[in-house]
Amino acid sequence: MTVVVVTGTDTGVGKTVACAALACHARQAGIEVAVCKPVQTGTQIGDDDLAEVARLSGVTELTGLVRYPQPLAPAAAAEHAGMALPTREQLLELIAGLDRPGRLILVEGAGGLLVELADASATLRDLAVELGALALVTVSVELGTLNHTALTLEALTTRGVACAGLVIGSWTGRPGAVQISNRSALARLAPMRATLPAGAGSMDATDFAAMSAAAFDRDWVTTLVH
């Protein structure tokens, strides 16, 4: 089973767009792709990451498990709604059920790597450990990103989860000294797999497909599937 968990150093750094871009690139490379967003919050304000991935990437194999109305961390959103978090076993079974020969499974978390997604404080990192998954980390280029990224990479390393690389979720067309410096420093922490333009999530499907095709190295993407 080939699983890549897509996480981020913070909320709002572009995980969903990064997930959609990788899914779109892989689809265009002839790889069968499934995208899983086990836990979705914020449905009452229209948050629907799987719908966004579908619109941008053209991938049709999309799977989720639980949806909470409030735009809060999953544990808080579940409590607010009077609902339970899923169990770790439910999440693992959901993801394992997507396995097919030659298929790439992308699993998008909620918030950062160590946000509780299931009961008993299970996190995306825990799922990655049990699935033998790689982790693709979506990052910012603003102040604070170097510490946030280093902490995320350290959290992966301590549990033996291999980092597939970094994706800059939003790169402005007119970067300043901070953004340029941080981009160079981030590339020294882990392989930089893609730099996505600011506003990519607002592109139509045709423009997004062209952007995604150019953003990632196809040879690297094809090595993900085994």
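Cβ from N, Cα, C; glycine included.
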- Message: The Mg(2+) site in Swiss-Prot lists THR16, ASP49. Which one of GLU108, GLU116, GLU130 belongs there according to the record?
- Response: GLU108
- Whole-number Å value for how far LYS37 (active site) lies from GLY14 (ATP binding site) (Cα to Cα): 14
- Query: Measuring Cα to Cα, how many angstrom lie between ASP49 (ATP binding site) and LYS37 (active site)?
  - Reply: 7
- Pop the Cα-Cα gap between THR41 (substrate binding site) and GLY109 (ATP binding site) into the table, whole Å please. 11
- Query: From the Cα of LYS37 (active site) across to the Cα of ALA198 (ATP binding site), what is the distance in angstrom?
  - Reply: 23
- Query: In sequence order, which residues at least six apart in the same chain have a CB under 8 Å from the CB of GLY111 (ATP binding site)?
  - Reply: GLY8, ASP10, THR11, ALA73, PRO74
- If you take the centroid of the Cβ atoms of THR16, ASP49, GLU108, the listed Mg(2+) site, which other residues of that chain have their Cβ within 8 Å of it? VAL6, LYS15, CYS19, ALA20, VAL35, LYS37, LEU50, GLU52, VAL53
